[in-house]
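Here is what Swiss-Prot says about this protein:
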- 260-280: transmembrane segment (TRANSMEM)
- 281-296: topological domain 'Extracellular' (TOPO_DOM)
- 297-317: transmembrane segment (TRANSMEM)
- 328-348: transmembrane segment (TRANSMEM)
- 349-365: topological domain 'Extracellular' (TOPO_DOM)
- 366-386: transmembrane segment (TRANSMEM)
- 402-422: transmembrane segment (TRANSMEM)
- 423-432: topological domain 'Extracellular' (TOPO_DOM)
- 433-453: transmembrane segment (TRANSMEM)
- His680, Thr681, Ser682, Leu683, His684, Asp721, Asp832, Gln884: 3',5'-cyclic GMP binding site (BINDING)
- His680: active site, proton donor (ACT_SITE)
- His684, His720, Asp721, Asp832: Zn(2+) binding site (BINDING)
- Asp721: Mg(2+) binding site (BINDING)
Amino acid sequence: MMDTKVDQTIQPKFYVDKKLSKSFDNKLDEDIFNYPFKKESFLKSEKFSFEHTKDSLWKCIKEKAKKKSDMEYFNCVNNLCCKFICTIRKYVKYFLYLKDSSYEIYNINLYNNNNMNIINNKNITNNKNITNNINNSFSNDYINYNHNYNHLNNSSSSKHNNYNVNNIDEKNIKNDYNTYHNIYEQIFFKYNPSFYEYLMFTLMKKLIHYKNYIFNKTKKINNSYNNNDIKNIDGFLIFQNINFEEIFLNTFYSSFPFKLFLHSLYMIFICFIYFVVLYFMLLKKIYTHPFIFHLSVLKFLFDIIFFLSFILYPLFLRLKRIDKIIYSSYISSYIFVCVTFLYSFIIFKCSSYSVKMNSNTYQNNFVFQNMLFLLINIIYICIFCFLKNYMILYSFLYNCRFSIFCILFIFLYYYLFFSLDFYRIIHLPLDNFFFPFLCFLFFSFLFIFKIIMSLYYEYVYEKKYRILFVKKNNLIEKRITKRKNTNINNAYFTKYFSIDNTIPTSPIEDILNNFKHILETINIIEENPNHNLTTNIMKIKEKIKNCDNILRTKNINQVQIGKYRKFEKVYNIWCLDKMYLNYPLNQEETKSFLSNSLNRISFNSFSNMHSLLSSKFQEHYNDIYDWNGNIENIYKANTFISIGYKLLYPLGVLEANFDKEKLKKFLFRICSYYNDIPYHTSLHAAQVAHFSKSMLFMLDMNHKISAIDEFCLHISSLCHDTGHPGLNNYFLINSENNLALTYNDNSVLENYHCSLLFKTLKNPNYNIFEHYPYHIFISCKKNIIKAILSTDMKNHFEYISDFRTSKEFIDYDNLSNDQIWQIFCLILKASDIGHSTLEWNKHLEWTLKINEEFYLQGLLEKSLNIQNSFLCDINTMNKLALSQIDFLKHLCIPLFNELNYICKNNDVYTHCIQPIENNIERWESHKNDNQNLGLHEKYKEENLLSKLELIKFE
């Protein structure tokens, strides 16, 4: 009885709490509410208070729901049967929505004016039902023209003086149009027409309706867009902006592999018909030689294998680049047409030597049979080209070239026929030859006309969606305030990544995004109040409810990695150095860089003086700081000392009593802290410093910031890994190292690097800030610590999210101190992983170094009986490739995309993002490479415990 009362009290309260709290996102097992709380552990505790019961229930539900969710995920990912079923479902879905879902455009109404809304409501829905319209909704055009000719003339003449043709209401015309056709159709069928008359009647209906549909649709589309949208597209429907073209193809034609799959299925069916009709009904009666049979079978097998390869090609190779699939598809299509023509040529050539000239009747029949053979091959090629244009609808330029190529080969068939059969044709009576040849020309030109019509249909279809794409992107650019000469697409799209849909977001960012959607929906309602008013109001309510739920989150600035399953694994491996972790650790909110008591007037005057003078020095070093420059060749001596002196001296010398000898001593001292380990060496620090300076030039910030800020950035980059032992934070925490105990397991190594730096600066022999004002030094110290701590990968997505929430409100020509150092943190983080942007050989070299360092840590973990980290046992190329693909896609590209948002001249995309994408492709090619990296043999007798002595802890 007691249990029942407790249940009745708790269950309604728990339902309310669950609706208000969204902290647990996994599926819940609702069956648990049917159980009374009679668990032994609960009863023994003798605590029947409401809160303890609620906690027990919540814990129980979380455990069971997590197990259920993990089991479902395991089945979906690892079960081959489920994979097969999912694949079949996906293709069935594509088949049902081939014409509308394949070219889905998000938020079309958001970017269209009233004219464009007409297109969305009519043309796009018509596109979905085009097949039904052609078969079921024709309006009896042909009959209407005959029966109601006088009536139409009278009505038009009576209104000619009062109305312009363009001002006539379309709905009235359409209603009259359908009425006339329905009346005539009833009269027509009363007279019991013959089958031939009925066939011609249906054919003319379809042809006229098809013609009206295409040309009316083209006229509406051309009248709906202004000239500015069309100017961005050339005559062959290619964007003048190269980035637009690539983004458009990868975004709106992602279903191309399936359409190729469907086209190949149709063609396999047509191949069977082609072979049966051609050989068993024609060639077998003409030729008795076995060579013809073998040749026909060989051609049939070639066609089957050809089309079957494009069914298996997208399924098994799993290529993610559409341009590779389309290129191979169209190149092979040319080969297919050439092989078909070659087959026809061989058959004709054989016929010229196998037919006797003394039998006129036999020769006459043979010429007609050759003509029929030629016509079948022409139809076969035309059907192949027609289906390719009409079904795939990929690129008008590609299909236009291929269609012209097919038409040229059709005329080659004519030449082939007249050249090889000329001596037979001249002996034929004109009366016997003329009519068959006329039929031959009619059917061949009919199919050529179908190719041209399919090409025109594709042109209209693709032009509409390209213009909508331009319209959408132009309006997105207008909404970005205080941004001049910025290409918004470069900031948001890459070949492998779309930031708006992929990167994990923080709750505060979700709130801002919901508010943006609310404002956009309000704008839609203001522009067109009568269009989907109820739906738009429901959207606003839903977004407000989402904001209300998000505001109940404990820390709205923390990125909820656990909500993104594909990011959770990568985050745990690369950012937390762990394979399994359910929830990210809570982080304290970052505080302001500058103290409120700081004398900003004196600071700004000091900074501006440095900025004006330092610009003179910086102009001499623009060429040296190329992003892809080889620093080992540029600085042939001690690279770290050379690049450090080159970066710091022109900025530090602006201070009156700056001591360059003390700067050299400081650099030598910091360099001595770097250990002889594979990756985190002084060369890595020099590379990061070079990257940070180069990034300032690419972002055009070198003349907008003070010299003291740049001075601190370069010190941060040179010292960000000083004293690194070649072990990560996870190892130091698990081994309870003194460093982890000192810094309370919080950014252990990063705090250690800061500590070494400022302990060095405390020594008068190395204090390069000795003559700086004290409040300037305090500010510099805070900024340097902030920058070095940002290199902890645990907070990687938090830094990206913080910038994303504020980037649209930043005036990049007049940056505040906080904004400068927010960008500097991103620059230092990007420079720290900058080896991902190098060309393949250099990138591979640095990757092997970091993997070697991880491997050594794994050996040390085994010797100390510590749980082995995930990245510390990679000894083959395929495992390394898998880890690097995730690292480059999910960690590197999002960060460089944010920097590309600031860049005005596309340099970040060219020098950073494109090389990363190229490196991803190279790693993709090594996914099946089982090459041994040789680390086990190299470190078989390594003294691993000596690595612990590398930590210079005092």
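Using the three backbone atoms N, Cα and C, a Cβ is placed for every residue, glycine included.
A map of Swiss-Prot features onto the structure.
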residue	record	DSSP class
His680	3',5'-cyclic GMP binding site	coil
His720	Zn(2+) binding site	coil
Asp832	3',5'-cyclic GMP binding site	helix
Gln884	3',5'-cyclic GMP binding site	helix
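If you compare every pair of Cα atoms in His680, Thr681, Ser682, Leu683, His684, Asp721, Asp832, Gln884, the residues listed for 3',5'-cyclic GMP, the longest distance is 23 angstrom. For the binding-site residues Thr681, Leu683, Asp832, a Cα to Cα distance of within 10 angstroms from His720 (Zn(2+) binding site) holds for Asp832. For Gln884 (3',5'-cyclic GMP binding site), other Cβ atoms within 10 Å of its Cβ number 23. The record gives His684, His720, Asp721, Asp832 for Zn(2+). Within 8 Å of the mean position of their Cβ atoms, the other Cβ atoms in that chain belong to His680, Ala685, Val688, Ser717, His724, Thr791. Neighbour list (His684 (3',5'-cyclic GMP binding site), Cβ cut-off 8 Å, at least 6 residues apart, same chain): Asp721. Computed over the topological domain 'Extracellular' (281-296), the whole-number mean pLDDT of the model equals 74. Look at the binding-site residues Asp721, Asp832 and count other Cβ atoms within 10 Å of each Cβ; Asp832 has the fewest.
Sequence-distant neighbours of Leu683 (3',5'-cyclic GMP binding site) (same chain, 6+ apart, CB under 8 A from its CB) are Glu632, Thr639, Phe640. In this view, His680 (3',5'-cyclic GMP binding site) is surrounded by 22 other Cβ atoms within 10 Å of its Cβ, with every protein chain counted. Within its own chain, Ser682 (3',5'-cyclic GMP binding site) has Thr639, Phe640, Cys671, Tyr674 as residues 6 or more apart in sequence whose C-beta sits under 8 angstroms from its own.
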